[in-house]
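Undergrad: Here it is: the structure, laid out below.
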């Protein structure tokens, strides 16, 4: 078995033990996690709100510094995937299943129950507020949570050649201890959080598929059907796992994005086209206007608990499976600069999310405000959140055909999520990026399916509530780790980056042990060998000054040794005292 036994077996046993205990002692386990979850949401909700916004500002800031030109990999490496394929995989492996589930459900829920309680429910003002919150929840902030660990993974795995594990991000702080008990503990917690976080998505996806089948074919929504659906998706994910990244995930991702775009176009063409196109532009403005306020809004005065139920839970949930998405987007982003990475991850998927919620959200508002209505009654009042998309599509032509395509789309999103998660979990458990035996990756796919199926069948739909409470608790240590990640990342880049106008970092050998890591840390950052020569003052010899400009030299004034030292080690420079200008040339 190509794996780290301590990390692999500890993670697997804890996950399985949780499932068994939940089945045997449902009420007791639920009480423990319910109490802990409620305490976290009540007392630390503000910390989550502030923290995720801090992560966003950090990523934008680092992208615009000179660190932004550093590549995730060798200095001369180039991206492995085209921008289109990169975007498709970002979208499919990120929140594709979540957009399908919440694209209609969240806007219509907030439309019926305005979060700030400052506008009339089911009004135009309520629609605007609902759109602002939906985009806040699935826009920049969500992808920030994915991008921060993703950037850390990309840098330390492909620049320093450290193992593809969460603990590697903390190498500048822990050194060789990432291979010891501290590092292994970090990795075990990361794997467990990822398993349960993605299992929640699996559960939501299963409920949505079952709801769609119930509307199309009158198939009962039951535990037996849901187990069968999870088993089917697990088998499909296993086939994709066997095909690998390029033939499996990449191919399915391209199919996904194509079908998703077709569904969007269908809604626009057959629906209130002008209203939707105008609404799409307006939604972008609503998001831009609302973002500064929502990024810091804590429901302080009303204290209704809404923020804890929605936003804080979303951030905690997203954080639990951020290691999976982070390491996956790092894997497909190798060779890109930090600036490209941040711009792409915070740009392309967010743009698609804005378009998606604009079309489906505005479409649902149009049905309620201008059409026959009924969505609020059938979705919100009846509590049929999983069936929201299909209730929405029931207002368009070719309902049966399009709903069937939507189910297929949900299934494929489902498969790519399980497939890519299996690949990432195996990487984190083994510490190797190379292909592992198929049975190891299949194990993780089966485990996630088992967790979701057990929770759904053992306790019914309340099982998802219990799972959400668990990941709220598990997400807290990860959230704290995010602040440490920021410091560790900056420290690591600063240690590796030479003082040059172009980013040239020290080259790391393959590192597989604490001893090798400690030896590699002794390697110096690349030195800049410089020489200085005196040229006449520009007023004395204009041609000489032009010659100096032609070779791209850097000027420092004579008598300023600090400026000279900033360009290179003094022992490599031939310093000459002149009354003119000192010019430093890079070799």
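Even glycines carry a Cβ here, placed using N, Cα and C.
Not my notes, these are from TrEMBL:
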TRANSMEM  7-25  transmembrane segment
TRANSMEM  45-64  transmembrane segment
TRANSMEM  84-105  transmembrane segment
TRANSMEM  140-158  transmembrane segment
TRANSMEM  186-204  transmembrane segment
TRANSMEM  224-245  transmembrane segment
TRANSMEM  257-277  transmembrane segment
TRANSMEM  312-329  transmembrane segment
TRANSMEM  341-359  transmembrane segment
TRANSMEM  398-421  transmembrane segment
TRANSMEM  442-460  transmembrane segment
TRANSMEM  466-490  transmembrane segment
REGION    532-587  region 'Disordered'
COMPBIAS  537-550  compositional bias 'Acidic residues'
COMPBIAS  551-577  compositional bias 'Basic and acidic residues'
COMPBIAS  578-587  compositional bias 'Polar residues'
Undergrad: Using a Cβ distance cut-off of under 8 Å, indicate which of 45-64, 257-277, 341-359, 398-421, 442-460 has the most pairs with the transmembrane segment (186-204).
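TA: That would be 442-460.
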Undergrad: Quick one: find which recorded stretch in 7-25, 257-277, 341-359, 398-421, 442-460 has the most Cβ pairs under 8 Å with the transmembrane segment (312-329).
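TA: Ranking 7-25, 257-277, 341-359, 398-421, 442-460 by Cβ pairs under 8 Å to the transmembrane segment (312-329) puts 398-421 first.
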Undergrad: For the transmembrane segment (341-359), could you work out the same-chain residues 6 or more beyond its ends whose Cβ comes under 8 Å from its Cβ atoms?
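TA: Distant contacts of the transmembrane segment (341-359): 56, 59-60, 62-63, 68, 72, 83, 86-87, 90-91, 94-95, 99, 103, 106-107, 131, 134-135, 138-140, 142-144, 146-147, 150-151, 154, 260, 264, 267-268, 276, 279-280, 283-284, 287, 329, 333.
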Undergrad: Given the cut-off of 8 Å on Cβ pairs that are 6 or more apart in sequence, determine whether the transmembrane segment (7-25) and the transmembrane segment (398-421) share at least 3 such pairs.
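TA: Contact between the transmembrane segment (398-421) and the transmembrane segment (7-25): absent, because fewer than 3 Cβ pairs are under 8 Å.
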Undergrad: Please determine whether the transmembrane segment (442-460) and the transmembrane segment (45-64) are in contact (criterion: at least three Cβ-Cβ distances under 8 Å, sequence separation 6 or more).
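TA: Contact criterion not met.
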Undergrad: Same chain only, please: residues at least 6 beyond the ends of the transmembrane segment (224-245) with a C-beta under 8 Å from a C-beta of the stretch. Say none if there are none.
TA: 202, 205-207, 209-210, 213, 251-252, 331-332, 411, 414-416, 418-419, 422-423, 435, 438, 441-442, 445-446, 449, 452-453, 456-457
